[in-house]
C-alpha cells in the first residue's frame, strides 16, 4: 500500500516549511545534526518518571566519556531495556529519544537506559559500538539497582541503533555474557548492500534515502570492514544462540530487505523470532511521537511483546 495519509501530510508540510533544504547526503555532519532537531518541538515531552538520572561512562582510559540516561517508571521496575537510538551513527542523541524512552518505560514497567554513544565521523567505528558495549555491561552489573532482583535484560534499538543492538547480542554471545533475555530491532541496519530491491525502489526514497545511507556508512566505517559481524550482523558466520527477537520493519524503507533477511537468518539459526511489518509507514516513524499515530502504535506493540517475554521468563 502507499504511505499513509498522516505520513503524506507530514512530508508535504516539511517540504513546504523548508523548500530549500539540502539533502542529508549533501550536508556536513554538523549541518545534518542541526537539521535533525527540526521535529523535537513537535514530539513534545514524555510522561513523568519515578526517577531520572544522567550518568557519564567511559569505554576505557583516555576515551572521551559519554552519557546514559536512566528512566525509572516506578519504584520497582520489572526489567531493564538498554535502548540504542538511531541516526545513522552520525546524528541524533538521547534528548531526541527521551519521549520514546519514557513511553517505552511506561508501557513495560522497565527501566530504560538511553545510551548517548559517541558519533561518527569524529568517533567512527568501533567507538559507537564500544560505548554501547560499555553501557550494556554497566546495566548488567547494576541490574539489582535498576530493577527488581533477577530482572531480565533487553537490548533494543532502531535503524543504526538496531544495528548496534544486534551487534551487542553477538558480542555478548562471544564473551559469554552479559545474558541478554530479549532483543527488539526496529528497521535495523544489518548490511551495506545498496543493490537490494528495497534500496532501488523509488517509493522508498522518503525520510531516509539510498544516498543518505551511503553517506552514513561512509562516515561510520571504511568499505573494506563492512562485512565484519560487529559492523554488519547479517554477515555473521552463525546467529545461533542469540536471544529471542522481535523485528519491526516499515513497508516503505530502504532497509526493509536487510531487516527481513536478518530475521530469516535468525530463524534459520534456531532463534525464536517474530517479524512485523508496519504497512504504509516510512523509515523513522518510531521517533515521531505526537506527529504520526503509528509511533504510539509501534511503541505500544514493543511494550506488549516485552511484557509477554517477561511473563514467559517467569513461567520458566
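In case you wondered, yes, glycine gets a Cβ from its N, Cα and C as well.
Annotated features, as they stand in TrEMBL:
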type: DOMAIN; residues: 81-286; note: domain 'Alpha/beta hydrolase fold-3'
type: ACT_SITE; residues: 159; note: active site
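Within the same chain, residues at least 6 positions away in sequence whose Cβ sits under 8 Å from that of residue 159 (active site) are 86, 87, 88, 186, 187, 188, 189, 208, 255, 283, 284. In the predicted model, the domain 'Alpha/beta hydrolase fold-3' (81-286) shows an average pLDDT of 98.
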